[in-house]
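Q: Okay, so Swiss-Prot annotates it like this:
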BINDING   Glu36, Gly37, Ala38, Ala39, Leu40, Gly41, Gly42, Thr43, Cys44, Lys53, Ala119, Asp311, Ala319  FAD binding site
DISULFID  Cys44-Cys49  disulfide bond
BINDING   Gly184, Gly185, Gly186, Tyr187, Ile188, Glu207, Ala269, Val270, Gly271, Arg272  NAD(+) binding site
ACT_SITE  His443  active site, proton acceptor
Amino acid sequence: MSQILKTSLLIVGGGPGGYVAAIRAGQLGIPTVLVEGAALGGTCLNVGCIPSKALIHAAEEYLKARHYASRSALGIQVQAPSIDIARTVEWKDAIVDRLTSGVAALLKKHGVDVVQGWARILDGKSVAVELAGGGSQRIECEHLLLAAGSQSVELPILPLGGKVISSTEALAPGSLPKRLVVVGGGYIGLELGTAYRKLGVEVAVVEAQPRILPGYDEELTKPVAQALRRLGVELYLGHSLLGPSENGVRVRDGAGEEREIAADQVLVAVGRKPRSEGWNLESLGLDMNGRAVKVDDQCRTSMRNVWAIGDLAGEPMLAHRAMAQGEMVAELIAGKRRQFAPVAIPAVCFTDPEVVVAGLSPEQAKDAGLDCLVASFPFAANGRAMTLEANEGFVRVVARRDNHLVVGWQAVGKAVSELSTAFAQSLEMGARLEDIAGTIHAHPTLGEAVQEAALRALGHALHI
């Protein structure tokens, strides 16, 4: 083992939370070491958020081209297209490489020492790193920030290998299967399943719950289910997985009837879990919430000067939550007064149509004892949506009846992910219905549906 490396802040994990914490710490003049065994950017940048959106975009463009090869109301006609999936993957990888290089450059710019290797906890002040290039390095610190992220949940009855793949393999196909079965009807399975279907693959989704996206209310998920069926995706809802079969998988429905679903490949997408095993984290004896490290509203763990952020600290497992926590921890270590208490953290499903939620749903508001106004505005009445051939879906607002304080937003439709900023900002700033309704929204935009939903809640929507 080489000479001991000493630092003020040691960060384990170079994903969105870890690298943002490192950059902010560097900006604040805190000597910082970041340890990452894989590529900078973590799951999100390398095998999650970014590559999946690239594949989704490529699949959508291919579907458009196929549509134009038949009949298009726009008058566009092209010859039947083909796709070179290897080139698609190269394009996707180039985006990832550019972004990871950018992260590395930012860390270097702010004086962060990046150590490539796998950290193993020794105690609350030190780790041993198995260096990627061979050998080992002991690092000691004043503050230890745990940002190890999460990993895919595996199914013992359907182990990975051969034709059974995880989202990581699904994002880098060497070739496209003829038929794909997706196990899991959550956002990961549906995003990838939709992309594969648009690329021409026959897709079936198996979900144990009676509907897709069970974490969202049915009014939001119904348009997604309808769109999937129109696309030709087979939905086996309320079906439990029994295991692999010779030609695919075996499932059982609610009535106890078993059947085989044929597949060339099976994608397991049944969720993620904190990466809290395999690097001696348990030796610290930290308070835990199941597999997640328990933290307070400053991301402090039960051990002094040991912090945890992002997926390792539990739900919601979102990159933007991890980034916000990472920035906050760096500022706390620098002596600033901070607290992680967002009014809302937006969440997006990049299905087709997309789904975005921020704050309380009508049901959640009711459960919280709030008497609320709930109003929706359909994209069928929005001019911009019509010009985009995307008049499916709606924007919904939830606001207190007594003072009109907005407590929640939901939307389903084309490109509604871009409304998430407006939703979160209005909630964070304590906007009331009158604030949204009285703000002039540019025309023609999808965002006008936000204003119209607020107007409708007040009883005087203009375009419906």
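Along the chain as shown, the residues are counted starting at 1.
Cβ from N, Cα, C; glycine included.
Describe the structural context of these features.
A: Taking a C-beta cut-off of under 8 angstroms and a sequence separation of 6 or more, Ala319 (FAD binding site) has the following same-chain neighbours: Gly15, Pro16, Gly17, Cys44, Gly48, Cys49, Gly310. In the three-state DSSP scheme, Ala319 (FAD binding site) falls into the helix class.
Look at Ala269 (NAD(+) binding site): DSSP puts it in coil.
Counting every protein chain shown, the number of other Cβ atoms lying within 10 Å of the Cβ of His443 (active site, proton acceptor) is 11.
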Q: If I restrict to non-local contacts, at least six residues apart, and a C-beta distance under 8 angstroms, what lies near Ala38 (FAD binding site) in its own chain?
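A: Ala38 (FAD binding site) has long-range Cβ partners Gly14, Asn46.
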Q: List only the single closest residue to Gly184 (NAD(+) binding site), chosen from the recorded positions Glu36, Leu40, Gly42, His443 by CA-CA distance.
A: Gly42
Q: Under a three-state reduction of DSSP output, how is Leu40 (FAD binding site) classified: helix, strand, or coil?
A: coil
Q: So among Leu40, Gly42, His443, all listed as recorded positions, which is physically nearest to Ala269 (NAD(+) binding site)? Use the C-alpha atoms.
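A: Ranked by Cα distance from Ala269 (NAD(+) binding site), first place goes to Gly42.
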Q: For a quick check of understanding: among the binding-site residues Cys44, Ala119, which residue's Cβ has the most other Cβ atoms within 10 Å?
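A: Max Cβ neighbours within 10 Å, all protein chains included: Ala119.
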Q: Given the binding-site residues Glu36, Leu40, Gly42, Ile188, Gly271, state which is nearest to His443 (active site, proton acceptor) when distance is taken between Cα atoms.
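A: Answer for the nearest of the binding-site residues: Ile188.
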